[in-house]
Amino acid sequence: MIAESLTCQPALVSMRDLDVRTVEALIHRAEEFKHGAQLELAEPVFAANMFFENSTRTHTSFEIAERRLGLSVVDFNPQASSVSKGETLYDTCLTLAAVGVRLLVIRHSQDAYYQELLNQPALPVALINAGDGSGEHPSQSLLDMMTISETFGGFSGLKVAIVGDLNHSRVARSNMEVLKKLGAQVYFSGPEAWYDKRFDCFGQYLPMDELVDQVDVMMMLRVQHERHSDDASFDQADYHQQYGLTLERAKRMKSDAIIMHPGPINRGVELASDLVECPQSKFVEQMRNGVFVRMAMIESVLRGNQLGGLA
Amino acid sequence: MIAESLTCQPALVSMRDLDVRTVEALIHRAEEFKHGAQLELAEPVFAANMFFENSTRTHTSFEIAERRLGLSVVDFNPQASSVSKGETLYDTCLTLAAVGVRLLVIRHSQDAYYQELLNQPALPVALINAGDGSGEHPSQSLLDMMTISETFGGFSGLKVAIVGDLNHSRVARSNMEVLKKLGAQVYFSGPEAWYDKRFDCFGQYLPMDELVDQVDVMMMLRVQHERHSDDASFDQADYHQQYGLTLERAKRMKSDAIIMHPGPINRGVELASDLVECPQSKFVEQMRNGVFVRMAMIESVLRGNQLGGLA
Amino acid sequence: MIAESLTCQPALVSMRDLDVRTVEALIHRAEEFKHGAQLELAEPVFAANMFFENSTRTHTSFEIAERRLGLSVVDFNPQASSVSKGETLYDTCLTLAAVGVRLLVIRHSQDAYYQELLNQPALPVALINAGDGSGEHPSQSLLDMMTISETFGGFSGLKVAIVGDLNHSRVARSNMEVLKKLGAQVYFSGPEAWYDKRFDCFGQYLPMDELVDQVDVMMMLRVQHERHSDDASFDQADYHQQYGLTLERAKRMKSDAIIMHPGPINRGVELASDLVECPQSKFVEQMRNGVFVRMAMIESVLRGNQLGGLA
């Protein structure tokens, strides 16, 4: 009952909007879906997944979450849309709302693109942010929290390292904040050039070799080659040796520590290829949990907008 | 009953094929759908939306209309199709028909592309034209007529201005003809270079400032930048001042006159941005009506081809 | 009963894996579907069609086969996927499996791409090869066999010519092998540069004019212009005269002989345009049969992986 009232949001665009109890309630609901809970919509709801940036796992995961909840998913291909004729994002959303789409899941390269879409009377839609520029990626953050919570039963006192391309990662940004709120102790590692002094208030920066045997969670970030295209000097093997989770480093991890990665993985760069599916890796489990977390998020915004016959 | 027999077409490709009573019957049926009428297909029907030109609103609107009628919509991406291997449109349609698709909704850059698809025994499909080159766009035309009919209760004596890129607009072409048939008085405005003497038989060309306080409907057309790519001298602010619906001009409109636009809008070019969602604007209502008009069109061609168990 | 146990495969990736009885059982099951057999899945199954090479007929045919069997088809667009971020095919499949996709239908330009996907415990999916590089195309091969079997009632003693771009055709490769296994006599024709001595063990090479009045099946292959892009000297009219099925040659065919083509057709190159839909042509029937053959294949791999509640 408490969970239900907490998981009733007008929109889900930023982890910053969510207090600790709401995060816990969403994770709890996701676990219920994982264990077979069903939801019946009393009225049909059309959803559109608007991915202006490439994605396999987030896009497919949202689509499967939508279908499992009984929504009708409308094809939206940005390359074939009127966006290519110069239409604004607001006008494209206005169009989709006018033709009857009631859930918009959006990934867009512009930071906080959603600000112009919120609280618009002409947009009677439920909105979920599936990633904004270098901003946030709340569904990834929630599935990470669900995976940690499932493994350790809670966050208090847990030591979590976030390693790698911190500056470009919307996952890192969301996670450092929510982990601190939830009571975990955050550490950072990776190239210092990709570390921002503003992260200091969330945790401590340490070299990989000092971190690896201390932490409970080793959260590796993807090197976003597409955002470093000007950097011809980037050497993958060198990165792996200095900042990656090598097989040698993995052996020094605590016996019950886990490895996480949001995907897609650059095998042999962030992570030795053999670690991707090793027993300590939660990579596949994170993706599995993603569907259930997204079902909980969708239910929450449908309720928050009285859609699908949900109160 | 009369409506039903009129809305039973083998194909819907051109407004020229439709007499006044059929147009009225389709609008009437669309209004029934808008007020909740349901249709049950007795047999499953597969539809494919073949959009060889970009579109958000028309594509999504047809897809939602199809799904609301219970059709099964098959993914068709022209970039990933055999068209890129040089297959002709006829052969692609032959393929879709052979695998069981029974409704084809096609947008194509070639004028009257549909001629080679009609009356082909090997193509046992229902066909709807969603836009051909600089030809026609019947579903847009019908949704425009529905929106005018809803607002004014009829067409007789109504003064309707069509303003802007008349030469390139398939909407303009369909609308001037059908408006005249329905008893409205048509006016034109916009750059004279984009006006064709052949339009004279449908209505009168006037400068914007002489038109704006006389008409009941101000139908603004999109400047199709993608068709004026060679024209580097085009100045948006200048266009707006000379031919656009500025805030000043809008104030001079009759109090019950309405503003229409087929979308996507170039805000600040055809139309002052603040007018898009002003009380006189029917922009959102047009898109809303589009779904219901398309449901009526689809029902009509399904009946005309005895598909879905419809007589 | 026998058919059922034979049509229960862990994966369907190569015709080489299938013995004669399995091929016959799959064709038999496809004929049952063609005559109205229904299959009810006891549990929902998500399918993804991963087409890394362009296709209309194979892609749409699989999608319709999936939907007719009640599967839920998830949108997968390789251009918009993480493959463009450098993700491996294995990791993309791992992702789709993790989010709940259980049937993967894959077309990929790499020969035998499927080897790295088979027998992977982390990939609890049913896999169908929809074309690998210059390798195989088993669903096309089976629909060809079904069409021949339907026409002639069997294969024993039948004379089948495979004509054209033999080196690049995955259809040719699969078909020459399976036709020989099934008891047919295979002949080849077309440019000698596109003929490989290794085909000698399957049949005899003859000039078109010696073949045309002897064979029961004239199987024309598509000239794959996209794979001959460096060959500016290719002359279509010349090819047609030397190696194509001209109207003149068609007249010399046996009265009950049939013409086949996997599509898409280059009209006037492999085949005179007027022959595409002539009475002897099975071009449309092949595409029609394709849906039923794919239904049989999908059922087989669902059974082989105990998916959808099928034993």
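Glycine residues also receive a Cβ, built from the backbone N, Cα and C atoms like all the rest.
Residues or ranges marked as carbamoyl phosphate binding site by TrEMBL: A:Arg57, A:Thr58, A:Arg107, A:His137, A:Gln140, A:Gly263, A:Pro264. Taken from TrEMBL, the feature L-aspartate binding site applies to A:Lys85, A:Arg170, A:Arg222. Residues or ranges marked as domain 'Aspartate/ornithine carbamoyltransferase carbamoyl-P binding' in TrEMBL: A:12-150. According to TrEMBL, the domain 'Aspartate/ornithine carbamoyltransferase Asp/Orn-binding' annotation covers A:157-299.
Spatially, by CA atoms, the binding-site residues A:Lys85, A:Arg170, A:Arg222 include one closest to A:Gly263 (carbamoyl phosphate binding site), and that is A:Arg222.
Checked against A:Gln140 (carbamoyl phosphate binding site) by C-alpha proximity, the binding-site residues A:Lys85, A:Arg170, A:Arg222 yield A:Arg170 as the nearest. Cα spacing between A:Lys85 (L-aspartate binding site) and A:His137 (carbamoyl phosphate binding site): 28 Å, rounded to the nearest whole number. With every protein chain in view, the residue among the binding-site residues A:Thr58, A:Gln140 whose Cβ has the most Cβ partners within 10 Å turns out to be A:Thr58.
Secondary structure at A:Arg107 (carbamoyl phosphate binding site), taken from DSSP and collapsed to helix, strand or coil, is strand. Most buried of the binding-site residues A:Arg57, A:Arg222, judged by other Cβ atoms within 10 Å, is A:Arg57. The subset of binding-site residues A:Arg57, A:Lys85, A:Arg107, A:Gln140 lying near chain B, with Cβ atoms under 8 Å apart, consists of A:Lys85. Under 8 angstroms separates the C-beta of A:Arg57, A:Gly263, A:Pro264 from a C-beta of chain C, among the binding-site residues A:Arg57, A:Lys85, A:Gly263, A:Pro264. As a summary of secondary structure, the domain 'Aspartate/ornithine carbamoyltransferase Asp/Orn-binding' (A:157-299) carries 61 helix, 24 strand, 58 coil according to DSSP. In this structure the alpha carbons, written CA, of A:Thr58 (carbamoyl phosphate binding site) and A:Arg222 (L-aspartate binding site) are 15 Å apart. Here the C-alpha separation of A:Pro264 (carbamoyl phosphate binding site) and A:Arg170 (L-aspartate binding site) works out to 14 Å. Each of the binding-site residues A:Lys85, A:Arg107, A:His137 was scored by the number of other CB atoms within 10 A of its CB, and the lowest score belongs to A:Lys85. Between the binding-site residues A:Arg170, A:Pro264, the minimum number of other C-beta atoms within 10 Å of a residue's C-beta occurs at A:Arg170.
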